[in-house]
Each structure stands twice: as structure tokens, then as C-alpha cells.
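> Sharing a structure below in C-alpha cells format, with a few things to ask.
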Amino acid sequence: MLGARCIHSATSLRSTLQPFRLKYSCHSHWAARASCSPWHQALNSPLNATTPVRQLSAKIVCNAANITSQPASIAARTEEPTFRASIDFQALKSNLSVHVQNVRDRNSDADPEKVVQLYDRWTQMLMEVERLRSERNANAKAMKGKMEAAARAELVAQGRQLKEQLSQLEAILDEAEAELQQEAQKLPNLTHPQAPVGDEDQAVLLRSVGDRPAFSFAPKDHLALGERLGLIDFEAGARVSGAKFVYLCKAAARLEMALCNYAFQKVISKGFMPVCTPDLVRASVLQRCGFQPRAENTQVYSVEGTDMCLTGTAEVPLAGMLLDQIIPEDQLPMRMVAFGHCFRAESGSAGTASKGLYRVHQFSKVEMFIVSTEAQSEGLLSELCQIEEEIFTELGLHYKVLDMPTNDLGAPAYRKIDIEAWMPGMDRYGEISSASNCTDYQARRLNLRYRPVQSATDSPQKKTPTRFAHTLNGTACAVPRMIVAILENFQQEDGSILA
């Protein structure tokens, strides 16, 4: 048994010909919860979560597009925003000191004060443009009346002058708005008041689950174990694709499939709609999700000659699926789960912290994504964490749950909860999962809204004003790090793996 009660093999990863099987019962969660889900009618019938996926196949087709990680090209493409984020500039002005401190706490290079200055400048220019438009309209109206030729000629000259002034000022206004959006979109989300301030050393331990395994021998790391058993081949990956690409072979390949299937079915049983997403997305969708490429430190792979990027997480195409959508409130929360391939150009520094499978350029992941109202999102973050913990507990791992500090929060995250598993071969804890509440940060960029249910006192002829939704995401299974944890925790003295 590999993976404690959930993934079964013979007695060892040496028995690579023994197929992995998935034993799992959904306890009717899907039928009970999906019946009131917005996805229920589309699915027609409940999924059978007791039946494992028998066959998975994929064809990787490489065409003439040259896929590279080029920070310069990404930065150039995203220097000027290609969309307009619905940022609440009045709220920013009213709470400027809060935003300034928030940027300082998060060690961000955004400048709220500059954004306010640009907003004031843009507002003044807009007022002038609107004044000239009003004069132009008055001029056009006056032209319709009867008058002497000299008076008409004067109006014509005045109209021509207004048109030229408007054309020039509107161009300047567009440039001012582009600069405003460029700076404003660098602003991170606000931060939950309970989130600790500082770097990762300031993370707050919320709870610890299970115990470290006791070994009567010096435990090996996953790389030594995997290479000895013929499960991990970085040399072939380097020859074919470059450093930090890997082949998973034999039982490790089956383990990846089993882990993904187990996590996928587990999350589906909690009422999540299953989705398979594109691996390529438009750069603008990436930006709308708050993933601003950061100069030479970008993690994004771009496709040269296009506006396309390889996704670093299924969160991006899941969020993009709802671009410009208005969802009825009674369909929220909307829960989705996706299997996706993740591509990340920056694989970390050299050393044990990035050794082997812990950081690679390409990996598989099962990702959860939720759209909710503002009143629901905080409770749903706890729900995501509970699902993650259920998975890791059933796999028999010892882990700790951490409330992550401000320096460790991505720009969209209001609060982030990480789970770190004990990795005895590396003699440290390593992150295997995270869950984030992004509040309305992504929704304001995606123009993702919901329409509240009308109250009894509302006029049936008048629609209720829409509000920006909240979005959350959480990792159900990041395959390489799960394999690291399983190999290192369930190793035997002879180098076999028994769980």
C-alpha cells in the first residue's frame, strides 16, 4: 500500500508491475450537494466517484511556435495594461495611509501615493474633456438655427477649434488613464488583520497533525530513493527539455495518475464541478488574475510571436472562464476543480531547498477554485483547508498548517494558509499546498460580478445592482511534492517504499 489507505500496490515500489488502485467512497456528497449546485443541470446525473479513471492518454504536439521564458518580452508586453481594472480609487484616496502601510508590510514596489496623484490628474483632465464636449454639443446645436453667414462662419471656426482641442486632449487623457492603470494594477490586495507581518519566518502555526516517522536508519532523500528504483530520470529530462525537467517512470508514473485521480474524485465528492482547462492562456488573462510578471524574476513562459502564456496554475484558466460574467447570487458559491499542467520558468536557487522534484519547470496539479459573495469567502477558505487536510491525513502524512505572513502573499491574496509536510530525507518541512482568499481583487480585473437576490420590497421592473464577486483557490494535490513526501516518509531500510 502506497500513500496510507488510499493508494494500494503490492508491498514495495520495487514491484513496479503491480497496478495502483484507488479505493474511495463519495458517501453521496456529490448527490447531496450538487443537487443545489449551478452545475447540476448541465451534468444531468451524479458522477460515480467509486470508479477510478482506467485510462489516461495524452499527445503532446509541438508546432512551429517557439516556447521560451523571456522576461524581457513578457515585461514589454505587459508594460501597458490591455484591460481596465475596476479599482475603487475613491476608497484608495479615503484610506491612503492604510494602503501605504499595506504595501510596506508586503514589501511591494507599488506606490499608492503615486496612484492617487495620477488619479487626481486624470480626473481633472476628464472634467476638461467633458467641458469641451459640452461646448462642442452646444456649438452643433447652435448651427441648426437660422443666422447670417458671418455668424455661421464664426460658429464653424469655433467648432473646428473645439474638435482639434478635443482630439488632442482625448489622446492625452487616454495616455493618462493608461499610466494610471499601469501603476494601479501593481497595487496588492489588502491584507487580513490576522495575517502576521514579516517574512516567512513570521508564519503562525495554526495546528500540527500527526507525528514524524521514526527511523532506525539514516533516511535518504527522494532523489536517491527514486533514482535507485528507476522512478525518477532527471538526466533524460535535461537531454530532452533542459535542467529541472524530469521523467517519472514505472511506479512513479502510475503514482502520479493515482494521486491526481484520488484528489480529483475527493474534491468532486465535496460538490465541486470537474473541469479540464487549457494550458495556454492570453497574457491579459494572466494579468487579470493578478500575476504581474516581475522583470527578470518572472515565472511565466511566453510563446513568442503571440500574446499567449503557459499557465503556472489551473487557477488562471478557471478564473478566465468567468471573464465578464454576471452570476445570480443564488448560484453562489460556485465550486470548480481542475486538473492541469503547470509551467514555471523560475525554479528557485540551487541547494537542498530546490533539490530534485521539489522545484521543477513542469508538473501536474489538481486545483480548487471558488467564486462567492463577500459574506461567504472567509468561511470558504476554511472549507478549502479542510479538504486539503483530509487528503493529506488519509495519505498518512505528518504536516503543519500555517497562516502565512505578508511578505509571502502574492498580490491577489488577502489571506493565505499553507500546509507543509515533514520530508525526512531533506530533514525539513516543505510546502505541499496552499489556499488563498483573494476577495474581490481578481474579480475587479476580470469584471466578474454577481447579482444579489431581489428582496420583497424591490421593484420587479428594476434589476438589483451587481456587486463584485470574491474568488478563492486551493491546491488539492501538487504531484511532485506529494511524491517527495510519500517516498521519504514511507521508505524502508533496504531502499524500498512501503506504506
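Indices start at 1 and increase along the chain as displayed.
Placed from the backbone N, Cα and C atoms, the Cβ positions cover glycine too.
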> Among Asn189, Asn447, Asn473, Asn489, which residue does TrEMBL name as a further L-serine binder in the site formed by Thr313, Arg344, Glu367?
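TrEMBL lists Thr313, Arg344, Glu367 binding L-serine, and from Asn189, Asn447, Asn473, Asn489 it also lists Asn473.
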> Of the residue ranges 12-46, 82-116, 152-186, which one carries the coiled coil annotation in TrEMBL?
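The listed stretch tagged coiled coil in TrEMBL is 152-186.
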> So among Thr313, Glu367, Asn473, all listed as binding-site residues, which is physically nearest to Glu346 (ATP binding site)? Use the C-alpha atoms.
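Result for Glu346 (ATP binding site): the nearest of the binding-site residues is Thr313.
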> If you average per-residue pLDDT over the coiled coil (152-186), what number do you get?
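Per the prediction, mean pLDDT sits at 93 for the coiled coil (152-186).
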> Can you name every residue in this chain, apart from Thr313, Arg344, Glu367, Asn473, with its Cβ inside 8 Å of the center of the Cβ atoms of the recorded L-serine site?
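Checked against the 8 Å cutoff, the neighbours are Thr311, Gly312, Ala314, Glu315, Val316, Gly340, Cys342, Lys365, Thr475.
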> Out of Thr313, Arg344, Asn473, which of these binding-site residues is nearest Ser434 (ATP binding site) by C-alpha distance?
Asn473
> Looking at Cβ-Cβ distances, which residues of the chain lie under 8 angstroms from Phe363 (ATP binding site) while being 6 or more apart from it?
His341, Cys342, Ala478, Val479, Pro480
> Report the member of Glu346, Glu367 (the binding-site residues) whose C-beta atom has the most other C-beta atoms within 10 angstroms.
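Compared across Glu346, Glu367, the most Cβ atoms within 10 Å surround Glu367.
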